[in-house]
Amino acid sequence: MRSFQTNTSSTISFILTGFPEMESLEHWLSGLLLLLYAISIVGNILILFIIKEEQSLHQPMYYFLSLLSVNDLGVSFSTLPTVLASMCFHVPEIAFDACLAQMFFIHFFSWTESGILLAMSFDRYVAICNPLHYSSVLTDARVAHMGMSIVVRSFCMVFPLPFLLKRLPFCKANVLTHSYCLHPDLIRLPCGDTTINSMYGLFIVISAFGIDSVLILLSYVLILRSVLAIASREERLKTLNTCVSHISAVLIFYVPMISVSMVHRFVKHAPEYVHKFTSLVYLFVPPMLNPIIYSIKTKEIRRRLHKMLSGTKF
């Protein structure tokens with residue numbers, strides 16, 4: 001391990017770590033991560049291809065699903081280079097600027113996913129509570145504006161993070177906890193005052209994840225109230241079934257994220273591999289499961305996949 005006195009990007013590098021305490025299982029872990037990457041990348045590309053080719057899926061709900069798939073591909077490709085380098089090829093070193101760039105993209109896609117899930121909950125709210133106005137409320141132009149707003153919001157929130165870190169002197173041990181660069185991991189290393197970094201990080205977490213999760217919850221309270229007003233039990237179940245995919249996507253995103261936060265703040269004395277495992281679940285599981293969930297629950301996507309796998313002409 002090395003120590004540094006300045007934050008000059010040409011002289012600073014970080015050492016990424018995988019699971020050194022589980023060295024005997026390293027090959028199995030590497031194989032598992034590669035499998036997760038393959039499922040995530042292939043699954044999300046298939047979702048995008050099917051939505052593009054299937055005319056019946058050219059609707060606001062599936063436009064948002066396309067955004068989610070693009071974002072999940074971004075999450076996977078943001079972590080892939082350093083995970084491969086550190087765990088498969090045993091090249092754990094990463095340059096300062098490259099680490100900041102990776103940190104930016106990982107957090108950018110995380111914030112964007114939260115915004116997309118919020119937009120999808122609004123789509124479900126309009127479809128169930130105001131079905132007669134659905135096509136007039138969620139026009140193609142409005143969906144495009146919502147998508148752009150989500151991206152711009154995420155960019156504006158994450159953009160200051162690399163510059164807030166770059167101003168600090170790094171003079172502590174340069175070993176990171178994970179095989180990729182995360183902001184909570186990086187702010188442990190400077191020997192200067194990181195109060196601004198910590199406060200800004202907390203501010204954007206509350207203003208993005210906090211507000212988004214509350215609005216998603218509120219949308220489902222209104223949806224549930226509308227569904228309970230339906231007289232037929234069969235119709236109630238049919239209506240709720242249209243929300244199952246989105247609810248699953250929300251849970252597999254927010255539950256790991258909350259777990260990472262809880263472990264980081266309240267279980268500090270837990271073994272290091274527990275922190276690493278919760279972080280891996282947070283970054284790897286949603287991009288892998290989202291295409292599987294929507295493939296199972298969406299009849300048009302399921303039918304198109306069946307045709308592709310059986311070799312039937314479309």
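Including glycine, each Cβ sits where the backbone N, Cα and C put it.
Per TrEMBL, the feature transmembrane segment maps to 28-51 (among others).
Annotated domain 'G-protein coupled receptors family 1 profile' per TrEMBL: 43-294, in sequence order. Regional average pLDDT for the domain 'G-protein coupled receptors family 1 profile' (43-294) in the model is 90.
If you look up TrEMBL, you'll see 63-84 (among others) marked as transmembrane segment.
Feature annotation from TrEMBL assigns transmembrane segment to 104-122 (among others).
Under the heading transmembrane segment, TrEMBL lists 143-165 (among others). Remote same-chain partners of the transmembrane segment (143-165), defined as residues 6 or more beyond its termini with a Cβ less than 8 Å from a stretch Cβ, comprise 60, 63-64, 67, 100-101, 103-104, 107-109, 111-112, 115-116, 119, 122, 183, 186-187, 190, 196-197, 200-201, 204, 207-208.
Annotated transmembrane segment per TrEMBL: 199-223 (among others), in sequence order.
What TrEMBL lists as transmembrane segment is 244-267 (among others).
According to TrEMBL, the feature transmembrane segment maps to 279-296 (among others). When Cβ-Cβ distances below 8 Å are used as the criterion, the transmembrane segment (279-296) is approached by residues 33, 36-37, 39-40, 43-44, 46-47, 65, 68-69, 72-73, 75-76, 79, 106, 113, 178, 180, 182, 245, 248-249, 252-253, 256-257, 259-260, 302, 305 of the same chain, each at least six residues removed from its ends.
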- prompt: Sequence-remote contacts (6 or more beyond its ends) of the transmembrane segment (199-223), Cβ cut-off under 8 Å?
  reply: 111, 114-115, 117-118, 121-122, 124-125, 128-129, 153-154, 157-158, 160-161, 164, 183-184, 187, 243, 247, 250, 254, 257
